[in-house]
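Notes follow the structure.
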Amino acid sequence: MKWIWQLPNWPQFTFDTSKFTHFEREFHRNAGVIIGSLTAVSADEVNELRITLLSNEALDTSKIEGELLDRDSVQSSIRKQLGLQTDGRRAGPKETGVAQMMVDLVRSYQEPLTQEHLFLWHKMIMNGRIDLETIGGYRAHVDPMQIVSGRLDMPKVYYEAPPSDRMEVEMNQYIDWFNRAAEAQIPTVVHAGMAHLYFELIHPFEDGNGRIGRTIAEKALAIGARQSLITSLSSAIEQDKKAYYQALERANTSLNITEWLIYFSEKILEAQVYVQTMIAFVVHKARYLETYSTQLNDRQMKVALRLFQEGLAGFKGGLSAENYIRIAKTSRATTTRDLAEMVELGALRKQGKLRHTRYYLPIQEVANKEP
Ligand SMILES: Nc1ncnc2c1ncn2[C@@H]1O[C@H](COP(=O)(O)OP(=O)(O)OP(=O)(O)O)[C@@H](O)[C@H]1O
């Protein structure tokens with residue numbers, strides 16, 4: 001079998017342009033709605049939203065690769081990068097690295113893509129790794145770069161990327177294409193989708209290609225939408241990883257990439273819905289704190305903030321009295337009184353009975369709209 005980069009016309013991708021008019025229109029319409037809804041929130045809330053979106057994206061892009069990072073450390077690291085107040089927590093190398101890359105993405109999205117920048121991102125996300133030959137540079141190993149999966153004794157090769165000695169040429173061509181496409185204002189959904197696939201097909205780094213490739217797609221979306229708010233692409237992809245891998249597998253043999261671009265455009269629109277839900281979440285949180293800051297005692301506020309920290313998904317299975325005792329560090333009698341008061345005030349919703357009783361923030365009605 002010939003790999004895609006061995007085809008005579010590589011890397012001249014083709015696609016049916018007419019299929020993307022609708023996606024492109026929807027993308028810009030949603031981007032407009034997102035910008036519009038930001039005008040209704042305060043600068044602090046916009047900052048809060050940025051941190052939430054960036055940390056979700058950092059966590060989810062890592063989760064796609066099976067890497068579970070610590071949410072609090074990622075958030076704290078992002079705050080630090082943005083020059084905001086932190087809780088002083090020391091983040092691990094993985095959390096720090098991906099946080100640095102996300103913040104750099106939004107800071108530099110208007111700049112052209114460069115090799116130096118890609119190397120910088122690679123250095124950031126490979127922070128602390130000692131098992132790689134090349135960090136902050138393209139791969140140089142002589143053995144083939146294969147995407148393999150399955151049993152160790154019977155591996156299946158899903159894809160083999162071009163040999164390492166072609167990386168410089170392939171990537172110069174790629175970077176040139178990315179920047180020209182941005183200037184030529186090709187449809188944003190096409191630019192982002194092609195940028196991701198084309199990068200994965202070259203697979204220029206020893207490791208981290210998935211994460212850097214999704215970051216490049218985010219850059220294309222930010223350029224198209226003319227705003228630095230990320231689109232949460234990884235959060236949308238992570239909802240159905242199998243479909244992502246299948247779409248990549250189907251796309252890695254033919255230069256006609258219409259089907260891949262349709263898959264990716266759908267993900268982009270889903271991701272925008274997610275961003276809109278997140279904006280609603282941040283606004284709700286701000287209103288909640290405004291309403292209840294004088295009505296809740298310190299213990300109750302601590303628990304409410306802890307619940308908000310869980311983001312859209314909320315506290316898994318709802319908050320129990322035991323959770324309250326642990327978070328507020330208080331007695332059962334006080335817990336019973338505090339919880340009843342919060343329900344009475346409308347600061348918590350109660351579900352279930354006796355030992356199955358669970359409490360939810362009233363905001364979780366919004367949360368259920370998560371993709
Ligand atoms: N069949 C395929 N053809 C082309 N690209 C693929 C295919 N399957 C997966 N990929 C891409 O390869 C990425 C994995 O590459 P790589 O391991 O270098 O990235 P990563 O971000 O470091 O992930 P990990 O943390 O698992 O090492 C996937 O996230 C996906 O984007």
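Glycine is treated like the rest: Cβ placed from N, Cα and C.
The following features are taken from TrEMBL:
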DOMAIN    113-266  domain 'Fido'
ACT_SITE  His203  active site
BINDING   Asp207, Gly208, Asn209, Gly210, Arg211, Ile212, Gly213, Arg214, Tyr244, Tyr245, Asn252  ATP binding site
C-alpha spacing of Gly213 (ATP binding site) relative to His203 (active site), in angstrom:
9
Surrounding CB atoms that lie within 10 Å of the CB of Asp207 (ATP binding site), all protein chains:
18
Other CB atoms within 10 A, centred on Tyr244 (ATP binding site):
20
On the 0 to 100 scale, where does the mean pLDDT of the domain 'Fido' (113-266) fall?
95
Taking the Cβ of Asn209 (ATP binding site) as the reference point, list residues of the same chain whose Cβ is under 8 angstroms away and which are at least six residues distant in sequence.
Phe199, Glu200, His203
Residues satisfying Cβ distance under 8 Å from Arg211 (ATP binding site), sequence separation of at least 6:
Thr61, Ser62, Glu65, Val98, Met101, Ile125
Using a 10 Å cut-off, grab the number of neighbouring Cβ atoms around the Cβ of the residue listed as 'active site', all chains included.
24
All-chain count of other Cβ atoms within 10 Å of Gly213 (ATP binding site):
22
Most distant Cα pair in Å, residues Asp207, Gly208, Asn209, Gly210, Arg211, Ile212, Gly213, Arg214, Tyr244, Tyr245, Asn252 binding ATP:
19
Other than its own, how many Cβ atoms are within 10 Å of the Cβ belonging to Asn252 (ATP binding site)?
20
